[in-house]
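Colleague: Heads up, here are the entries from TrEMBL:
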COMPBIAS  1-18  compositional bias 'Polar residues'
REGION    1-20  region 'Disordered'
DOMAIN    20-171  domain 'PurE'
BINDING   Ser28, Asp31, Arg58  substrate binding site
Amino acid sequence: MNNTVNPGNQNTESQQADQPLVGVIMGSSSDWDVMKNATDMLEQFGVSYKAQVISAHRMPQDMAEYGAAAYDRGLRAIIAGAGGAAHLPGMMAALTEVPVFGVPVPSRYLRGEDSLLSIVQMPKGIPVATFAIGEAGAANAALHVIAMLAMNNPALREQLRAFREKQTNAARAMTLPPAPQN
Ligand code: RP5
C-alpha cells in the first residue's frame, strides 16, 4: 500500500520514494473497502501516499508516534477514516499540524451516522475537514487533498481540470429512458 509515484511536486523532499506526501490511515482493515476509494484517486493523479492501519483505541501509542513524526516525514495531508466512535481523525489532528481530512466509515448498526458525527463535531481549536459517509467521502477527501496540493503544482492543477472536464462531459452525455406512452 506504499505508492511511490510523485506528481512532480515542487517540494523536492517529498519526491523521495520513502517520503509520501499523503498519509492514508484507518482504524481497521475492515475500513479498507471504503478507504481504497481515496488511494485509488491519489493513484489516478500520481500523488504519493502510504496507507496503513492506525487504530486510536487499539494502538494509541502508535497513533501518537505517527502524529509526532508526520510533518518531518514529509506528509502534507493525512486522510483518516474510522467508523463508530470515530476518534482517530480528531486525535490525529491534535497530534500534528499536518491537515487532517476525515472520512466517516459506515458502521454496522448506525450506518455511519455515528462515525460522521464523531468526526465532524470537533470542538473549536482542532479542526478536521469532514467528508461524506463512505466511498464518496473517501474519494472526495482525496480530491480535496489533490486540489490543495495543486495550488502549488500547475501540472497537478491541469490534471484536476481535465478530470472535472471529463466528468462534466460524461454528465452531459447522460440520457434517460423514454417517457412511457399513454
Ligand atoms: C473502528 O472500529 C474502525 O475504524 C472500524 O470502522 C470499526 C470496527 O473495527 P473492526 O472491529 O471491524 O476491526 O476503530
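First residue shown is number 1, and so on along the chain.
Cβ atoms are placed via backbone N, Cα and C, with glycine included.
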Colleague: Per DSSP, to which secondary structure element type does Arg58 (substrate binding site) belong, with helix, strand and coil as the options?
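Modeller: Note: Arg58 (substrate binding site) is coil by DSSP, not helix or strand.
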Colleague: Ser28, Asp31, Arg58: which of these binding-site residues put a Cβ within less than 6 Å of any ligand 1 atom?
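Modeller: So the answer is Ser28, Asp31.
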Colleague: By a simple count of other Cβ atoms within 10 Å, which of Ser28, Asp31, Arg58, the binding-site residues in the record, is least packed?
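Modeller: The binding-site residues Ser28, Asp31, Arg58 were compared, and Arg58 has the fewest Cβ atoms within 10 Å.
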Colleague: Would you mind giving the whole-number mean pLDDT across the domain 'PurE' (20-171)?
Modeller: 98
Colleague: Please find which two of Ser28, Asp31, Arg58 have the most distant C-alpha atoms, given that the record lists them as binding substrate, and give only that distance in angstrom, rounded to a whole number.
Modeller: 15
Colleague: In the same chain, outside Ser28, Asp31, Arg58, whose C-beta lies within 8 angstroms of the Cβ mean position for the substrate site?
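Modeller: Near the substrate site, beyond Ser28, Asp31, Arg58, sit Met26, Gly27, Ser29, Ser30, Val53, Ser55, Ala82, Gly83.
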